[in-house]
Amino acid sequence: MYTIGFVSEIITLEEHKILNFEQQISELVYDSRKVSLPEESLFFALTATRDGHDFIPDAYSKGIRSFVVNHITPFLAEKEDVNILIVKDSLLAMQELAKYHRTQFPNPIIGITGSNGKSIVKAWLTQMLSPDKKVYQSPKSYNSQLGVALSLWNLQASYDLAIIEAGISEPGEMDNLEEMVQPNIGILTNIGIAHAQHFENKKAKLEEKLKLFKRTELVIASSKYISKEELPAQASWTSWGVEETDSIQILQQEVQGNQSLLKLNINKEVVDFIIPFTDEASIENVLSCISLLIYLDYSISIIQDRILALKPLEMRLQLKKGIANSSIIDDSYSNDLASLKISLNFLQQQNQHQKRTLILSDMDGLKENNKLQHKLVDLLNTQALDRLVWVGEKYAFLEDIHIKEKNLYPDTSSFIKDLSNLVFENESILVKGARIYQFEQIVERLGLRSHGTVLDINLNALTNNLMVYRSLIPPHVKLMTMVKAFSYGSGSFEVANLLQFSKVDYLTVAFADEGVDLRMAGISLPIMVLSPDADTFESLIKYNLEPEVYSMRFLKEFLLFLQDRNIQDYKIHLKLDTGMHRLGFFPEEIPEVVDVLKKQNLVRVQSFFTHLVASGDPNQDDFTKYQINTYSEAAQILREGLGYSFIRHVANTSGIVRWPEAHFDMVRLGIGLYGVDMDRKLENLEQVSTLRTTVTQLKDLKAGETVGYDRKGVLLRDSKIATVKIGYADGYNRRFGMGVGKMEIHGQQTATVGSICMDMCMLDVTGLEVREGDEVIVFPNVMQAAKDVGTIPYELLVNISGRVKRVYYYE
Ligand SMILES: *Cc1c(COP(=O)(O)O)cnc(C)c1O
């Protein structure tokens, strides 16, 4: 641990004001919402998408007193009790600190980069090395400029080895990462297409990645991806691949059931490995692992055993529905302080239940490490937790954790045996355990089962997309996000919790009921209701939902209602019809609206808006301009008539991208948030939802036989047919039948055969590598799928039936 005085010597300062040079610093904080040990925290005001300087008061209110800033803020200038370090660039300052800390680490560091597989190789290496080494791995996907600095900060000399992931999205980033990590050994997992758009070509991207290996003694990589000339001169190379010159040569590779057999030539010795996976990506990742263990002098027989024990690993935290209306956060694959913090943070974001339970296992190294024990106690004491279930040794320090209800168990099976005596209902439950505790057994008992078809919602992608659109609008423009229709099929409070945490300004639903559901789930953001009805006025008021007001009839009805209840200044959103001809006042009605509004104080116009009918269609740009102009004029008249200002908003997703002049005071983000880029203009949107199902049965059929109802699917050749568990009741449209629907199994394309049934359909998998139980991606390309059945992605997404389980994950 460093003192602030010491930190001030390590980083390049412009100026400083230090009250207490001896103040200990153990935590680096950049997000004022994520504070666990305020006294020992150093807050870095970063200026990425949002200006961290704006969050200094919040950090201060949570007890943080030490700050690294680019400039002094009025708030800080007034405070007497703070340490302030002023630097040119606060991110660079954090990196300087991380770099210094890294140079204090005496043992080898393995740096991993590549387009895919970084996290999995990191996790597998940890699994394989842990029986005899103390391994540090950078948490989750902390692989960016910021993430790597934070990962390095957590390094401690007691580790035998550290594995750090480095990811880049733009040219020029790797030099900086290399400076910090200074890896001794480098692993290049693979080179794919991820992030390719910023790079001129594959070669430029590869060159950038290889910069991580500037001073490594060894590089592990396939000869598929690089050649000797491309490597830095000082590095030796363990290459794997099919070439005779490869250090590890693949002689034979074949699938046997649900395993693969790999025959390798290692130092002129032929060795067989059984690998518990069949997909190409996993095999590549295993080859990286084998290469490193051989370099570290592990015997072949130990490597064979440990490879066989590898588990397909979910490197991610999942939120799913649990028994008795509970929510389960499943993070049962690793346990250390850094990842526990991330998961607890996610637990605190859940507003849907009052009660929060943590089921936690013992941690590696906890027994011997007093400091770690203190940190754990401090961390848990800052959390709003109602119950702790502890599985592991009964340490004395557990007494110091102030949580109302504590249940201690020596091991997982005794906890499971006692489950019938415990009540879990209406609560959020974080299940966080080290792998050896096999907490997946607990999740299995507390979670609701899914029936083979699941909609995966990637919350990281959602956050990413939010940032992408935020970066397109000026900072003063507010962001309204559309969560109507179950958030375009992605879920209600689960998505809203994240949006609330991400500090969007407004949520919008279609009907009052949807708003009520969000309020019941603890969402406190302002909510606009697009299509309110007179019979829901009561719930609007009760749940503080703000209606769209679209006609004189509706306005008068609402005013009468408010008068009856003696309510004043209720917020409403006036809708103008500039061409959609759905709901809204015509521009010529605005003077009359002003007249009515001026005579009362029951409602107040919170916002005034219109909807663009074809913001994404270049052929209609003249009409869009006409709409924007009409709106502007009407807004002017309304503003002058009312004598006060209101939020003006026009742009939906395509409007945000294509019509900067329509951003006004707020934008309404819809489909883009969910990762569908209707305009095909944005490079860094990520797909949010993936509909997955499974193969239930395989059949070999002869040419001339038929598949499905009415004998519609006539086979023209001998065929292999797979039945999968999705049908039109799940929202898989019947128009996808007869080969129109395309699905994907391990990256292989297949098409439907015959008609779509209610709960199932059949795929033609002739000639493909498919087994029963295999996973199937239903919409490999949702834009194309929509086109194939003559609709738009919106419809496919919102039609995914409620009976399809949603699983939210977060890395
Ligand atoms: C649905 C909706 C939006 C969002 O549209 P996207 O095209 O999904 O961005 C914006 N405004 C209104 C009034 C809507 O109904």
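In case you wondered, yes, glycine gets a Cβ from its N, Cα and C as well.
DSSP classifies Lys484 (active site, proton acceptor) as helix under the three-state reduction. The feature active site, proton acceptor is assigned by TrEMBL to Lys484 (among others).
A helical conformation is recorded for Tyr709 (active site, proton acceptor) in the three-state DSSP classification. The annotation active site, proton acceptor is assigned in TrEMBL to Tyr709 (among others).
According to its DSSP assignment, Met758 (substrate binding site) is coil. Every protein chain considered, the tally of other Cβ atoms within 10 Å of the Cβ of Met758 (substrate binding site) stands at 11. Annotated substrate binding site per TrEMBL: Arg582, Met758, in sequence order.
What TrEMBL records for 688-809 is domain 'Alanine racemase C-terminal'.
Look at TrEMBL and you will find Lys484 tagged as N6-(pyridoxal phosphate)lysine.
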Other CB atoms within 10 A, centred on Tyr709 (active site, proton acceptor): 12
Number of helical, extended and coil residues in the domain 'Alanine racemase C-terminal' (688-809), per DSSP: 22 helix, 45 strand, 55 coil
Across the domain 'Alanine racemase C-terminal' (688-809), average pLDDT on the 0 to 100 scale: 94
Fewest Cβ neighbours within 10 Å, where candidates are the recorded positions Lys484, Arg582: Arg582
Whole-number Å value for how far Tyr709 (active site, proton acceptor) lies from Met758 (substrate binding site) (Cα to Cα): 11
